[in-house]
Amino acid sequence: MVQLRTANHIAMATIVVAVVVLGLKYIAFLATGSVALYSDALESVVNVVASLAALWAINVSARPADADHPFGHHKAEYFSAVLEGVLITVAALLILREAWGAYLEPRTLDTPFKGMAINAVATAINAFWALFLLRQGKARRSPALLADGRHIMADVFTSVGVLAGLLLAVTTGWHILDPLMAALVALNILREGVKVVTSSLSGLMDQAMDPQELDLVRDIISQQADGALEVHDLKTRHAGPAFFIEFHMVVPSTMTVGASHAICDRIEDALQEGFPAARVLIHVEPEEEAKQTGVPVL
């Protein structure tokens, strides 16, 4: 519950930050009329919507398992991340449309340095918050917070590119650089949108644990299964902060149910100590079911 409240506070703070940054970037656009700064502001609109979706997903994913969802609601965060990726893609296409119009009819920028200064402040705020979200998302294994952090960090890099391009356009007088920079921003945003969708779909498709985590699972099982003969058919998947681990454990045919159950309890406790959100399922088999590909117990 404490973890949920903290995640909620982070998500709500992200919404506040996104609204503040959006306001600053829109003011920067109004001050200059730059289509590149308009593209930057439009990206911030996506940030606000995505942050609202992340708040919803964090609350849904924290709901306990019920009769209709016996494995919990952890995958809600992946849906939020997919939605964010789609919104990023739509924003990129809208920016490309605006950039094309400005390319056909180049315009002189109004008070460019004032607008650039305002945008720089917004970019600094975004950079600080993106780093914070990435740290929190990794620590909590939250796809929603990670997607938000990656998205905002991509926004930071594009904002820096926009400012550099505008500075070049103003100092050289090549106003055509403004829509060209907007188009480059759009392509970068489009790339980030595809990346967010791809990584989120992996979670929805029950992707296995990372290789390093899988090695740790094998080590824990091997060390804690004293009395068993081997384990095989190890399968894992993750859904947000939750891990699902299942495998077959071979024991001597003469071992009692109580003794094999004690081994299972010992393994489960050790796995849940290493992975607090783990759910472990162990299928006990007699030694006649041993496989050559099985992992022997130390």
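Cβ atoms are placed via backbone N, Cα and C, with glycine included.
What TrEMBL annotates here:
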DOMAIN    13-205  domain 'Cation efflux protein transmembrane'
DOMAIN    210-287  domain 'Cation efflux protein cytoplasmic'
TRANSMEM  12-38  transmembrane segment
TRANSMEM  44-62  transmembrane segment
TRANSMEM  78-96  transmembrane segment
TRANSMEM  116-135  transmembrane segment
TRANSMEM  156-177  transmembrane segment
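With a cut-off of 8 Å between Cβ atoms, the residues of this chain six or more beyond the transmembrane segment (78-96) that come close are 38-39, 42-43, 45-46, 49-50, 53-54, 56-57, 143-144, 146-148, 151, 182-183, 185-187, 189-190, 192-201, 203-204, 239-240. For the transmembrane segment (44-62), the partner stretch with the highest count of Cβ pairs under 8 angstroms, out of 12-38, 116-135, 156-177, is 12-38. DSSP places the residues of the domain 'Cation efflux protein cytoplasmic' (210-287) in helix, strand and coil in these numbers: 33 helix, 31 strand, 14 coil. Mean pLDDT across the domain 'Cation efflux protein cytoplasmic' (210-287) comes to 89 in this model.
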